[in-house]
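Asker: After the structure tokens below, expect a handful of questions from me.
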Ligand code: SRM
Ligand SMILES: Cc1cc2nc3c(=O)[nH]c(=O)nc-3n(C[C@H](O)[C@H](O)[C@H](O)COP(=O)(O)OP(=O)(O)OC[C@H]3O[C@@H](n4cnc5c(N)ncnc54)[C@H](O)[C@@H]3O)c2cc1C
Ligand code: SF4
Ligand code: FES
């Protein structure tokens with residue numbers, strides 16, 4: 001439940017309106033680039049932008065349902081799990097985030113070692 | 001002694017709670033009921049039928065004056081409570097009366113949200129919440145030529161619009177999102193709803209942003225949109241959402257979030273004050289439909305009486321109360337991992353049904369057009385029933401034993417009789433059906449007797465489907481290659497159906513052609529988008545989200561995620577100024593590689609995505625535009641120096657190349673399209689391996705088509721030899737258009753020519769001057785919409801700005817002290 005979220009563990013990265021439906025935007029973090037997706041029905045997901053040597057930059061792919069097709073080799077990833085679909089073998093890190101009053105909050109785990117301690 | 005119960009708000013929630021309390025424990029309470037509205041409890045849901053004239057106000061009164069009197073309720077209607085003192089346990093009314101309570105119930109409902117646009121306080125701007133608003137709308141109906149605008153394409157907005165229309169008012173709905181009722185419906189159902197409303201004369205504008213409400217002397221005149229459109233109106237209804245009415249509670253110092261906080265017993269942060277209805281927040285949720293409010297009413301009554309009860313949130317379903325628009329939505333219909341969709345579409349009846357299944361359970365449903373079994377499905381969701389046993393037949397509802405399977409023939413069956421099946425020969429559906437009924441029971445027989453499918457053959461699939469629809473099992477459909485797993489149709493069939501069925505948007509196309517997925521996949525979406533772009537220039541709104549990244553950001557993606565930028569150089573000609581601008585841009589943006597391409601122009605490689613608009617701006621200042629080196633569309637026109645300089649040149653090959661590129665740049669096609677014009681048969685510009693190559697000779701111009709030098713190496717074949725430059729231009733444009741209109745997505749011209757035959761192409765272009773001219777005219781017509789430099793749009797007008805900027809940069813966040 002949203003009321004149980006500890007706000008100090010999340011970072012406000014912008015509004016839902018900043019990302020068009022079926023679009024994606026990149027967030028630069030100490031843990032690398034992360035792509036934040038908004039689906040046609042306004043769900044949001046954050047997953048790594050790159051699977052080095054295999055796929056990326058995923059924010060540039062074509063979205064359908066809760067999947068995205070990678071622009072380089074047409075691999076299809078499920079945005080919820082980060083797992084490549086079909087015969088392809090790959091797994092992207094998925095980051096926790098949530099939406100509140102139109103704003104998007106991303107887990108501060110993306111700050112990695114530089115993580116703000118409070 | 002009786003205890004004092006004061007209730008603030010005589011709405012639907014408190015009305016139900018009051019019934020329960022009086023019923024179960026009436027003797028213990030002395031009830032005082034305040035209401036800001038000058039009347040008691042009426043059925044707010046039924047304001048819409050009152051508005052449309054299907055009911056009268058009297059019919060929707062829940063509690064009459066008599067009822068209140070018999071029950072001994074002290075009514076203070078038309079009188080607001082101004083203040084609560086929770087320490088003294090009193091309320092103060094706006095007239096100054098102070099009354100003390102033992103228990104207080106706050107049921108103040110919600111306030112309609114008014115967008116603070118300039119002019120929102122003009123006379124004539126209203127919300128849709130109560131009887132007064134409804135009466136304003138009804139009154140408008142008696143004014144001749146009255147116009148109204150409704151902002152908001154949700155449940156309330158659409159009911160207001162339908163009601164106004166029923167009163168004879170000219171109504172426009174302005175909705176900010178891409179489709180109607182986006183919180184309850186997916187795109188496909190949204191499309192069908194929009195179609196139904198449009199059919200009854202309501203204008204609907206989606207993705208429309210309101211900018212300002214304009215008026216004269218404080219009186220509303222029009223709504224202004226941010227694209228400059230002005231919508232004149234006498235009444236403007238804002239139906240964009242509600243906000244819990246928490247002001248009283250907040251001032252009294254009660255715990256308030258989005259709504260007044262209540263626990264499972266409907267008690268607020270003060271033990272003597274309870275609350276229910278749209279004004280409360282329970283476990284993070286607020287409410288906007290009555291079903292859960294009635295549950296709250298039961299619990300609140302029990303709590304007052306002192307019996308245990310717990311409020312539990314349940315799924316709620318939505319129905320639109322517009323006669324003739326049957327829609328139903330419940331639960332969660334978002335796509336997701338482990339979720340599966342079952343989609344059923346019946347284009348002929350305008351039916352769309354979608355079930356969302358997770359594991360063994362049904363978790364969501366959207367129905368349009370046929371909602372007869374919706375309650376049964378709602379029950380399955382609410383009760384979390386295991387549906388694995390009936391999965392195969394679930395879609396057909398409770399009474400199913402042996403329903404119809406998904407029908408791949410439905411799209412063809414739904415076409416009107418006069419829909420054109422064979423474009424080459426102008427044969428309509430009724431002609432083909434007549435031929436079949438007259439005894440032509442094979443494709444060849446239909447070809448022979450009706451001429452359909454006897455030319456390019458592109459319509460053979462549709463003719464076969466008509467054979468199957470007309471003859472049933474007597475006709476065996478041949479196997480065919482479908483576009484992708486989302487459809488049973490082939491590319492040719494899809495192309496033809498889009499035109500014959502006048503499909504002008506992606507959701508419409510997917511509905512009418514019976515797509516088996518809600519929004520397609522990366523294979524069909526780009527193809528459909530192209531077919532729609534080609535069929536309806538100026539009408540279809542290109543869907544960037546269905547394009548490959550290169551076409552979306554107008555640059556070529558590189559393996560490291562940077563981009564390359566190739567400015568257009570018409571016919572391979574450049575100038576010192578252009579070269580200087582390219583050099584300056586390369587310096588300014590630290591371009592790592594500058595390369596001369598195989599297409600006679602210059603490539604700047606390794607540019608960061610964020611820098612794209614800025615580098616385009618600089619190149620644009622020097623007069624250059626995108627070379628579209630990424631496009632499934634016109635690429636380059638290579639030329640040689642020709643008569644200008646070469647001793648062998650026979651014609652102005654450079655000049656003709658430039659003219660061709662001037663006419664053709666910006667065009668989209670099934671695949672890339674490359675040209676070359678060479679000044680003599682020595683062929684320095686390599687015209688003989690192009691999609692369209694022109695070899696200049698003494699007597700004129702040889703036009704060659706269907707060459708390639710990529711994965712396949714193919715020599716272009718002679719289409720025609722013409723005498724004048726103007727003819728060369730007309731033939732070229734006609735050929736390009738024929739290819740654009742006929743080929744399957746991702747087929748280069750040679751593949752398409754292999755299918756339709758060079759003779760047929762010659763027939764269309766060389767043998768038939770009228771047709772040639774018509775093709776060229778259609779090409780020029782559509783070019784007026786596509787010759788917009790995509791770079792300028794993005795560098796100067798800021799189109800798609802979101803594509804080029806990261807959402808956030810967290811790499812240099814200040815780190816808190818350890
Ligand atoms: C830049 C250029 C190479 C160069 O450095 O010269 C080039 C670069 C690419 N070519 Fe090419 N082609 C280039 C001229 C050619 C030519 C020569 C020509 O046009 O005269 C050919 C052979 C002629 C032909 O097309 O028949 C050519 C045949 C291909 C093919 C194979 C096409 C086919 O139908 O078999 C592909 C793959 C595809 O399109 O699917 C391709 C695809 C590509 C792509 C777009 C690959 C991609 O999808 O990422 C390359 C983009 C690279 C990048 O980093 O930006 N490129 N490519 C040339 C750009 C010309 C221009 O000014 O626009
Ligand atoms: C046109 C329309 C159509 C609808 N259709 C549907 C539908 O199809 N299905 C569905 O489930 N729901 C529908 N709803 C929503 C439904 O009507 C509401 O959820 C429900 O009425 C809310 O009940 P409530 O008691 O919380 O608030 P209300 O019914 O709004 O009652 C609150 C009352 O409190 C009064 N009040 C506020 N402040 C004070 C004060 N300080 N002092 C005294 N009185 C005060 C107000 O005047 C109001 O009369 C519709 C709503 C509208 C407007
Ligand atoms: S193709 Fe002929 S005219 Fe053109 S440059 Fe070569 S030799 Fe000269
Ligand atoms: S469209 Fe029927 S033969 Fe060409």
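Even glycines carry a Cβ here, placed using N, Cα and C.
According to TrEMBL, the protein has these features:
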BINDING   B:640, B:646, B:680, B:684  [4Fe-4S] cluster binding site
BINDING   B:684  siroheme binding site
DOMAIN    B:4-280  domain 'FAD/NAD(P)-binding'
DOMAIN    B:317-384  domain 'NADH-rubredoxin oxidoreductase C-terminal'
DOMAIN    B:421-467  domain 'BFD-like [2Fe-2S]-binding'
DOMAIN    B:483-532  domain 'BFD-like [2Fe-2S]-binding'
DOMAIN    B:558-620  domain 'Nitrite/Sulfite reductase ferredoxin-like'
DOMAIN    B:631-772  domain 'Nitrite/sulphite reductase 4Fe-4S'
Asker: The domain 'NADH-rubredoxin oxidoreductase C-terminal' (B:317-384) vs the domain 'BFD-like [2Fe-2S]-binding' (B:421-467): three or more C-beta pairs under 8 Å (separation of 6 or more)?
Answerer: no
Asker: Including all protein chains displayed, how many Cβ atoms other than that of residue B:640 ([4Fe-4S] cluster binding site) lie within 10 Å of its Cβ?
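Answerer: 27, counting other Cβ atoms within 10 Å of residue B:640 ([4Fe-4S] cluster binding site).
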Asker: Please identify the stretch among B:4-280, B:421-467, B:483-532, B:631-772 with the greatest number of Cβ pairs below 8 Å relative to the domain 'Nitrite/Sulfite reductase ferredoxin-like' (B:558-620).
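Answerer: Between the stretches B:4-280, B:421-467, B:483-532, B:631-772, B:631-772 has the largest tally.
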Asker: What other residues of the same chain, not counting B:640, B:646, B:680, B:684, have a CB atom within 8 A of the CB centroid of the [4Fe-4S] cluster site?
Answerer: B:641, B:642, B:648, B:649, B:653, B:678, B:679, B:682, B:683, B:685
Asker: Residue B:680 ([4Fe-4S] cluster binding site) has how many other Cβ neighbours within 10 Å of its own Cβ?
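Answerer: So the Cβ neighbour count for residue B:680 ([4Fe-4S] cluster binding site) comes to 20.
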Asker: Tell me which residues of the chain lie with their Cβ under 8 angstroms from that of residue B:646 ([4Fe-4S] cluster binding site), as long as they are six or more apart in sequence?
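Answerer: Listed in sequence order: B:640, B:679, B:680.
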Asker: Could you count the residues of the domain 'BFD-like [2Fe-2S]-binding' (B:421-467) that DSSP puts in helix, in strand and in coil?
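Answerer: Counting residues by DSSP class gives 25 helix, 4 strand, 18 coil.
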Asker: If you draw a 10 Å sphere around the Cβ of residue B:684 ([4Fe-4S] cluster binding site), how many other Cβ atoms fall inside it, taking every protein chain shown into account?
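Answerer: A count of 18.
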Asker: Mean pLDDT for the domain 'Nitrite/sulphite reductase 4Fe-4S' (B:631-772), rounded to an integer?
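Answerer: 97, rounded to a whole number.
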Asker: DSSP on the domain 'Nitrite/sulphite reductase 4Fe-4S' (B:631-772): how many residues come out helix, how many strand, how many coil?
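Answerer: For the domain 'Nitrite/sulphite reductase 4Fe-4S' (B:631-772), the helix, strand and coil counts are 56 helix, 36 strand, 50 coil.
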Asker: Under the DSSP assignment, what numbers of helix, strand and coil residues are found in the domain 'NADH-rubredoxin oxidoreductase C-terminal' (B:317-384)?
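Answerer: Counts, helix then strand then coil: 9 helix, 32 strand, 27 coil.
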